[in-house]
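Participant: Checked Swiss-Prot, it gives:
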ACT_SITE  S175  active site, nucleophile
BINDING   A62, G63, L64, D65, K66, T86, N139, N172, K217, T245, G268, G297, Y318, S319  FMN binding site
BINDING   K66, N111, R112, M113, G114, F115, N172, N177, N246, T247  substrate binding site
Amino acid sequence: MYYPFVRKALFQLDPERAHEFTFQQLRRITGTPFEALVRQKVPVKPVSCMGLTFKNPLGLAAGLDKDGECIDALGAMGFGSIEIGTVTPRPQPGNDKPRLFRLVDAEGLINRMGFNNLGVDNLIENVKKAHYDGVLGINIGKNKDTPVEQGKDDYLICMDKIYPYAGYIAINISSPNTPGLRTLQYGEALDDLLIAIKNKQNDLQKIHQKYVPIAVKIAPDLSEEELIQVADSLVRHNIDGVIATNTTLDRSLVQGMKNCDQTGGLSGRPLQLKSTEIIRRLSQELNGRLPIIGVGGIDSVIAAREKIAAGATLVQIYSGFIFKGPPLIKEIVSNI
């Protein structure tokens, strides 16, 4: 497969420049016959989750295609689902560059992107043009300049706009790169947010005559007590699913490596054990009452199987996809 050569060339570039270059090429072919260049045939292995049928259990995690620019090209690679975003009500530039760093020896990434995106209205226009036949998730967040106390308003604004176009909606309250965002995972703040989101979902279901499930994305850095409380809140408010996990602030497995001290969330192989343990504990607490989408450090069939054995119904990749490329999709789906 050609990807090792592509990766070698891309890794000569700054990580964000490599991402921009790749997406520039994918944008050129998305929706054209040249999609055949990235298309690969993967087995159909249907999975039911959140009332939806996924053509296979492997999805693309949020963060790679923030604005939904390359849905069809990414879909051609064989993903059973694609989660675009995180998108916010208004466009925002994100944090200052540089803000994305490779930990090559650990096959990890550290990012402090800060929800850089072109806004929800732009994303919707891109979704309207797409012809992807898998499940499309849309991951939503709050603008950086929206006070945390008013954060739920941003989620509701996004829900209003994306509801007709989403297969499911992911609520991102766990990015470490938006000040104060993770506080929405706790206690009354979480309950208040989930009540508002569930009420909005009920209203939108009546308006659009369709039910779009809601999944909440959580951090891997929760304590045992916090995890129990989160699980309880998700069940009490009839949330449809949980995505575990986002990136970690823990650097214990990458000490001494180049870029290890950069501020931001760590993803990739160093996150695998931590996220799997959160999934295992979450599965015990939830006891089958809502499904788990497992993400964090999956870069092989074995890693994907570990997530499913721990309790995940579906799995997602991001950093592993950067390091291993499209062949990883086929490898996982064929052998999971």
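Using the three backbone atoms N, Cα and C, a Cβ is placed for every residue, glycine included.
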Participant: Starting from the substrate site formed by K66, N111, R112, M113, G114, F115, N172, N177, N246, T247, give every other residue of that chain whose CB sits within 8 Å of the mean position of their CB atoms, in sequence order.
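Facilitator: Apart from K66, N111, R112, M113, G114, F115, N172, N177, N246, T247, the close residues are G63, T86, G94, S175, P176, T178, G264, G265.
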Participant: For the binding-site residues listed here (K66, R112, K217), tell me which residue's CB has the most neighbouring CB atoms inside 10 Å.
Facilitator: K217
Participant: Name the one residue among A62, L64, S175 whose Cα is closest in three-dimensional space to that of R112 (substrate binding site); these are the recorded positions.
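Facilitator: Nearest candidate: S175.
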Participant: Around the Cβ of G268 (FMN binding site), how many other Cβ atoms lie within 10 Å? Please give the count over every shown protein chain.
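Facilitator: I get 24 for this one.
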Participant: Tell me which of the binding-site residues A62, L64 sits in the most Cβ-dense spot, judged by other Cβ atoms within 10 Å.
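Facilitator: Its Cβ has the most other Cβ atoms within 10 Å: A62.
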Participant: Measure from the Cβ of N139 (FMN binding site) and count the other Cβ atoms within 10 Å, all protein chains considered.
Facilitator: 26
Participant: Cβ distance under 8 Å to S175 (active site, nucleophile), same chain, sequence separation 6 or more: which residues?
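Facilitator: Residues satisfying the criterion: T86, F115, G141, L181, R182, N246, T247, G265.
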Participant: Find the shortest Cα-Cα separation between G114 (substrate binding site) and the binding-site residues K66, N139, G268, and name the residue that gives it.
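Facilitator: Ranked by Cα distance from G114 (substrate binding site), first place goes to K66.
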Participant: Between A62 (FMN binding site) and N172 (substrate binding site), find the distance joining the two CA atoms and give it rounded to the nearest Å.
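Facilitator: The separation of the Cα atoms works out to 10 Å.
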Participant: Long-range neighbours only, meaning 6 or more apart in sequence with Cβ under 8 Å: which ones does N172 (substrate binding site) have?
Facilitator: A62, G85, T86, N139, I140, G141, L181, K217, N246
Participant: Translate the DSSP assignment of N139 (FMN binding site) into the three-state scheme.
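Facilitator: The three-state answer is strand.
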